[in-house]
Amino acid sequence: MRHLGAFLFLLGVLGALTDICEIPEVDIQLVEKLGQRLLPWMDRLSREHLNPSVYVGLRLSSVQDGTKEKLYLRSLKLDYQQCLLRSALSENDSDCQAKPSMGRLSLYLLALRANCEFIRGHKGDRLISQLKRFLEDEKRAIGHNHKGHPHTSYYQYGLGILALCVHQKRVHNNLVGKLLYAVEHDRLHQSHFSVDTAAMAGLAFTCLKRSNFNPDQRHRITMAIRTVQEKILKAQTPEGYFGNVYSTPLALQLLMTSPMSGAELGTACLKAKVALLASLQDGAFQNAVMISQLLPVLNHKTYVDLISPDCLAPRVMLEPATTTLPQIQDPETINVTLQVLSLLQPYRQAIPVLAGSSLEDVLKKAHMLGGFIYETQASLSGPYLTSVMGKEAGKREFWQLLQAPNTPLQQGIADYRPKDGEAIELRLVSW
């Protein structure tokens with residue numbers, strides 16, 4: 001608890017001294033431990049495991065693994081460029097069974113900038129054109145009257161604009177205007193305020209403003225940045241998180257770029273940093289994507305810094321984590337109640353699993369026991385549910401994970417680890 005006490009002291013002392021969002025230095029050993037959690041991901045070079053976000057997070061951090069980083073970027077280039085370019089020529093390319101989404105392509109472009117590369121040449125132009133086509137499709141889905149919604153989300157829409165911006169590619173006013181309207185009329189979110197989505201929109205606008213793009217919309221862009229920042233500050237919980245623990249790093253990335261000032265901003269950021277430190281000590285941040293969003297914050301960096309990244313900045317070399325073999329003990333079995341109550345034929349069953357099992361393990365065991373079926377789809381943040389008991393989530397629907405009766409889980413099925421006696425509900429909800 002030594003680090004937590006130090007930050008509580010800083011919260012009291014520095015809160016009175018700073019009126020901008022500054023993050024105090026963090027013990028490098030803590031950062032190294034976070035970085036070490038990404039190392040196993042750097043060894044996963046198959047298409048289903050490649051994740052540009054991991055590379056971006058490391059490059060913007062204060063730690064590195066030079067050899068693995070180079071190999072990882074090379075693997076990203078081979079997979080993303082070749083697959084995307086071939087899929088542009090043939091919709092049925094056998095080597096590109098899963099065409100990368102707008103979000104994956106955007107993150108790949110961020111990864112190139114994290115290595116101080118600009119997208120250039122004929123191949124690069126085709127990648128940029130493909131991302132712009134994605135955005136045009138989303139714009140049409142939103143509609144002229146703005147009453148529609150993107151096929152994906154405004155989070156991916158903002159990420160796409162950010163990716164083009166850091167590569168100094170201008171984005172048409174009509175595309176930017178859709179995101180501006182969504183912020184101005186509170187249409188970024190459907191059911192509840194999403195800190196992640198607001199932060200990504202704010203980062204995209206901040207990049208456009210700093211790059212002096214879209215001058216005709218400059219005033220609206222400035223006001224939109226202020227709007228999302230103010231809403232994120234209002235979303236801070238008593239514990240200090242902006243929304244929840246996993247949306248806080250991206251929120252801090254935006255607030256760190258803020259032209260706003262005032263004691264409220266400085267204190268809010270320091271309070272969030274204390275909360276993050278406490279959560280790290282409690283074992284949070286096991287998911288690679290979440291870690292990759294936090295590492296830049298701990299190095300006082302944001303995605304906006306990819307406008308002009310410092311690829312020569314010194315970074316500490318990571319060493320593989322040393323582990324000691326635990327004493328062999330009889331595995332403890334726990335019971336987790338799994339329930340699906342939103343269907344005509346409800347399901348409720350106690351599932352015995354080993355202590356420490358993930359929710360995904362619980363689902364697999366329930367399927368093995370019979371009477372329960374489900375399907376998942378891979379994403380950059382891990383697998384997510386697409387179908388439960390034969391019922392697929394339709395358009396504007398998703399399978400929500402809850403700790404019964406009504407507490408939404410902050411982690412996905414691969415990361416959340418239920419406790420003995422806990423009841424988990426899978427609920428089909430609309431948004």
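Going from the start of the chain as shown, residues are counted 1 onward.
Backbone N, Cα and C define each Cβ position, glycine as well.
Looking at Cys165, Cys269, the record from TrEMBL puts Cys207 in a disulfide bond with Cys165. Candidates considered were Cys269, Cys311; TrEMBL assigns the disulfide partner of Cys21 as Cys269. Note on proximity: of the binding-site residues Thr152, Asn244, Leu401, Trp431, the one nearest Cys21 (disulfide bond) is Asn244, by Cα distance. For the pair Trp431 (cyanocob(III)alamin binding site) and Cys269 (disulfide bond), the C-alpha distance works out to 30 angstrom.
Here the Cα atom of Tyr384 (cyanocob(III)alamin binding site) is found 31 Å from that of Cys269 (disulfide bond).
Using a 10 Å radius centred on the Cβ of Cys269 (disulfide bond) and all shown protein chains, the other Cβ atoms total 29.
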